[in-house]
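Colleague: Pulled from TrEMBL, these are the listed features:
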BINDING   Ser72, Asn123, Asn175, Tyr198, Tyr243, Val261  substrate binding site
Amino acid sequence: MTVPNSRLLNLTQAQLKTWVVQAQIQSQRGQLPEYIPLLAQANPFWFAVQFQCIDGQVHQFGNITLLFPLMSVVKPFVLLFLLEQLGAEAVFSRVGIEPSDEPFNSLKQLQADQGLPRNPMLNSGAIALASLLPGENAHSRCESLCLWLNHHSNSQLFLDESMLSSVRSVANERNRAIATLLSQSGYLDDVELALDTYNHVCCLSGTIADLASLGMLLAQCQKPIRLEHCRTVNSLMTTCGLYQASRRFAVEVGLPTKSGVSGAMVSVVPSQGAIAYGTAQGAIACYSPPLDQEGNSVAGVFLLQQLAQVLNLKG
Ligand code: GLU
C-alpha cells in the first residue's frame, strides 16, 4: 500500500538513531515515580522505541524484549473497547470530553464538575469507565479487555501480577476518594470493583512491539472497529493525553499521544494535512521510565518533538 506524502516512511535508520541517542541522554534529567514501589525500582537506563509505518516498515531501537506496564496508556484503549461494546451515548453519559488543567488524579476537578469526570484520560474518567467493563470481577473484566486488544491489534498483552501486587501494596487514597465521589454522584455502582478493575487494566503489560501494535489499532482503524470511534479516541488523546502538558503538547507536537507513569508513551501519526486516521502514516511507541515534572517520559516527549519539528508530521 502506498501512502501519499508519507514522510514517516522516508525516515532512515541513521536519522532515527541520532535522535534516539539524544533522547537517552535527555532522559537522565527525569525522575522515577515514587508512589508505586516497582516503578520506583525501574532502571532509569531502560529504553525501547518502535516506529511503525502503515506499509509494514518497522524501526526498533533499545531493549525490545523489555516488558513494562501500560499504566495510563491503557486509558484510550479502555475507551475504544467500550465505544465498540456499548456505543458513544452510553460511554459519554458517564464521562465528559473536556480537557483539564488539573493533575491526572485530581479530586478537585471532579468536585468542581459535580462528580462527572472531565474526560476519559483522567483517573476519574478511567475509573468510571472501568466500572462499565463487562465481567463478574476485576480479573475477568481485565481479561475481556486484554483478549479484545490482543485479538484486534495482534499483540500479546498480559496482566503483570507482580506489578498489580505492587500497586495494591500502597493505599491509593486519592483514587479511592475519586471512586467514592463517583459513586455518590451516581456515575458508578461498586467502588471496590471499579478500583480493582482500574488497577488491573493499568497493569496490562507487554513489549514495545505490543505498544506499537496498540498504536496501529488507532492509526489503521480496520474493520470491524468503527472509524468514528478511532477518531474520538485520537481526538481525546490530542486534547487530554499528556496530563497538564496536553494543551502545550497539542500545539508544539500535535500528534494524538497518551503517556503513563511507567514511562510508556504511544502516538498516532496522521497522514499529511489530514485528520483522517484511517489513512494514518503509522504509530510510535516509546518506553523510558524517567519522567518530567508533568509525569511524561522525558525521552518520549523529546523524540516526538524532534519528529514533529523536523518532519512536520502535523501536515
Ligand atoms: N495506576 C496509576 C494511578 O492511578 C496510573 C497513573 C498513570 O499512569 O498516570 O496512579
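Placed from the backbone N, Cα and C atoms, the Cβ positions cover glycine too.
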Colleague: If you check the binding-site residues Ser72, Tyr198, Tyr243 one by one, which have a CB less than 6 Å away from any atom of ligand 1?
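Modeller: Those binding-site residues that pass the cut-off, since their Cβ is under 6 Å from ligand 1, are Ser72.
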Colleague: Please find which two of Ser72, Asn123, Asn175, Tyr198, Tyr243, Val261 have the most distant C-alpha atoms, given that the record lists them as binding substrate, and give only that distance in angstrom, rounded to a whole number.
Modeller: 18
Colleague: I'd like to know which of these binding-site residues, Ser72, Asn123, Asn175, is least surrounded, judged by other CB atoms within 10 A.
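Modeller: Relative to the other binding-site residues in Ser72, Asn123, Asn175, Asn175 has the fewest Cβ atoms within 10 Å.
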